[in-house]
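Quick one: this structure, given as structure tokens, is what I'll be asking you about.
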Amino acid sequence: MTPPVATDAAFSHSSNGVVLSTSVDPSGTVLVIGSMTSAQSGAYQKAVEAYSGRQVEMHMVDRLTDGATSLSANTYPLAHLAVNYAEAASPVLLSSLHSALQPKAKLIVEAAELVDASTAQKVKAELIIAGFTDIQVDVATGSVSASKPATASSSFSIGSSSGSSSALPLRRKLGSGASANAKKSLWATQPASANDLIDEASLLRDADFVATTAVKRPDCDVGAGQGKKKKACKGCTCGLRELQEEEKRTANTNIVQLDTDDMDMPNADTPATTKRTEVIETIIGKDGKPKTIKRIQVDTKGATSSCGSCFLGDAFRCSSCPYLGLPAFEPGQKVEIPVGMDDDI
């Protein structure tokens, strides 16, 4: 069947009054793209009939987006899309159309649906990305029109499924050989040779080998060589002074001194000949409750035992010796037992 001859009248307007460009080839083939929805509603057939005086090439949108059909490059002076805006905004479809249209060609989208602000901006953005210019949105008719630039260099299409595109290639800027080698050595995980290893000693300064000394506060009166036990400063705020005062108070009060009567020594002196002093005191325990303790001071001078070696230490004491567990002492020395050794005292 011979296609109808193109006329200027058929090319000057579309079915719903959209004025078309007459600067393109009036005898070229018009590309009409439809969908299943537009075919069922009759919009696809109506768009084809609008160009009855021209040669029309018809395609379904899903065939183009799926890559089943390819379009010839720089062939069509006009493309008419009878699809909805979701299908028309497909980057694959718009890129393919941009490659297939001639310079200064016209693209018309008739979705037969209302165009709101968000939909129009989305379609317009996709058309700009694909490389189209002179984009116009007709809210009353629900149509969008755009043009392909006169020169291919003004397009920055993202590519098409047919493999032919007028998009500008993105070329990687090659650096010099020295910069490439420097970058390669920067990301290298292994040194090129053993000479590249850094001597750790070279990273140290002379001052790093000198032992550091602690910083001393100006009001601290604790000097070096005063013994292992630390003395609290004059203005102590760390609690050391309170701990030392508590230790001193406990050492002076929580002591029980044995009498010779408690020593169970067969040859020990009788109480009449032994000096004995008893002191009863009330102290506050760690649990906050008052406790009554008895301090007994006994002069062990002249005290003897069956073995006579109790003062030498546990190695010379029998199992019933009252001095068992105490350090060695001199004969006649006061024997003191801390309260902490027996909770019942």
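A Cβ is built for glycine as well, from the same backbone N, Cα and C atoms used for every other residue.
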In Swiss-Prot, one of 147-166, 287-306 is tagged region 'Disordered'. Which stretch would that be?
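That would be 147-166, the stretch labelled region 'Disordered' in Swiss-Prot.
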On the three-state reduction of DSSP, what should I expect for CYS310 ([4Fe-4S] cluster binding site)?
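DSSP call for CYS310 ([4Fe-4S] cluster binding site): helix.
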Through the lens of DSSP with three states only, how would you label CYS236 ([2Fe-2S] cluster binding site)?
coil
Roughly how many Å separate the Cα of CYS236 ([2Fe-2S] cluster binding site) from that of CYS310 ([4Fe-4S] cluster binding site), to the nearest whole number?
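Per the Cα atoms, CYS236 ([2Fe-2S] cluster binding site) and CYS310 ([4Fe-4S] cluster binding site) stand 44 Å apart.
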Take the C-alpha atoms of CYS318 ([4Fe-4S] cluster binding site) and CYS238 ([2Fe-2S] cluster binding site) and report the distance between them in angstrom, rounded.
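A Cα-Cα distance of 47 Å.
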